[in-house]
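Taken verbatim from TrEMBL:
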- 51-65: compositional bias 'Basic and acidic residues' (COMPBIAS)
- 3-45: domain 'Transposase IS30-like HTH' (DOMAIN)
- 68-136: domain 'Transposase Tc1-like' (DOMAIN)
- 147-301: domain 'Tc1-like transposase DDE' (DOMAIN)
- 46-65: region 'Disordered' (REGION)
Amino acid sequence: MARRRLSEAIRWQIIGMHATGASFKAIGRQLGYHYTVISRLVRKHRQTGAVKDRPQSGRPRVTSEREDRAFLRIIRREPFSTSTVLKRAWLPNRHLSTRTVRNRLKAAGMAARRVIKRPRLTEDHKRRRLAWCLARQRWNLRTWRRIHWSDESRFLLHVTDGRLRVWRHRNTAYTPRNIRQTVPFGGGSVMVWGCISHDCKLDLVTVRGNLTGDQYMRHVLEPVVVTHFDNHPLATRPVYMDDNARPHRSRAVVDYLQNNAVTTLPWPAMSPDLNPLEHVWDILGRRIQALQPPVQTLRELEAALHREWLQVTREQIRRLTGGMRRRVDAVIRARGGFTRY
């Protein structure tokens, strides 16, 4: 049975009753406490003049400061490990609880947070990214606004977000309203191609099936890109950017662009953070998921993508393309590594 704690009001009442001449046993019988509790309280008041409990040291720590520093070094080496794995790697011959591990993590200011996913970068990728950015570090907005950024993106009909959470009571995990229903492969997908620049936004193109070099020329370059570029004088002709996807680098596509006087921007591999169009895809994805009622068929998804593409404003695009110098500087500071973009 847990001991009843004396409230501060009761403690002062005991001191007052003892000051009037009441004995320890009489006070204990009247208030329902053992007389030794009364005597200890009175003795504490005589010694300190107070009735509050003294500060207590609490339970002694099971690890030393040196062992805690060793634990932080393990965390820096293995940040994706669970508390159980960390416990075994930290002090394998010591009986520790996972609660102790979590307490040390909390004391160090660490918490389990969302993982940022980025393409795998080799040392060669980093060198090429850094060289690309150093060569364009001095470009101003007048130069960047000539670049036409292009890319393809695939949108699932039913997006499954691994970070989704549900508010529910215990033992209600299998209640139908708490279950998120899924379908294989997201129920199908729609691939689209888009292109933006600081001053314009080209038509969105739906890609049927898998993109090939021939399809890229017939459905994207010829009707959209070359037609748009032909409206510019050669002196102010834009520069076309596409990534290193296999259809973009086929011999037929390269020859077609050269024959139509389309200048392309060399592109370092694994560099989606340098393409502002990636953020436009993110805008479209969030808008599609927020639609009410949600899209139910691939045809509805395709129509919604084209509709939302038209709703992307020039101001939104210019905020992205106007920040290219910041993106380049971020890659240089990271020596070709990962950035926040």
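Here the Cβ of each residue, glycine as well, is placed from N, Cα and C on the backbone.
TrEMBL does not curate its annotations; it predicts them automatically.
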Note to self: Are there residues at least six beyond either end of the compositional bias 'Basic and acidic residues' (51-65) with Cβ under 8 Å to its Cβ atoms? List them, or say none.
What the structure shows: 8, 11-12, 15, 41, 44-45, 71, 91, 94, 96, 100, 104
Notebook entry, point to check: DSSP helix, strand and coil counts for the domain 'Transposase IS30-like HTH' (3-45)?
Noted result: 31 helix, 0 strand, 12 coil
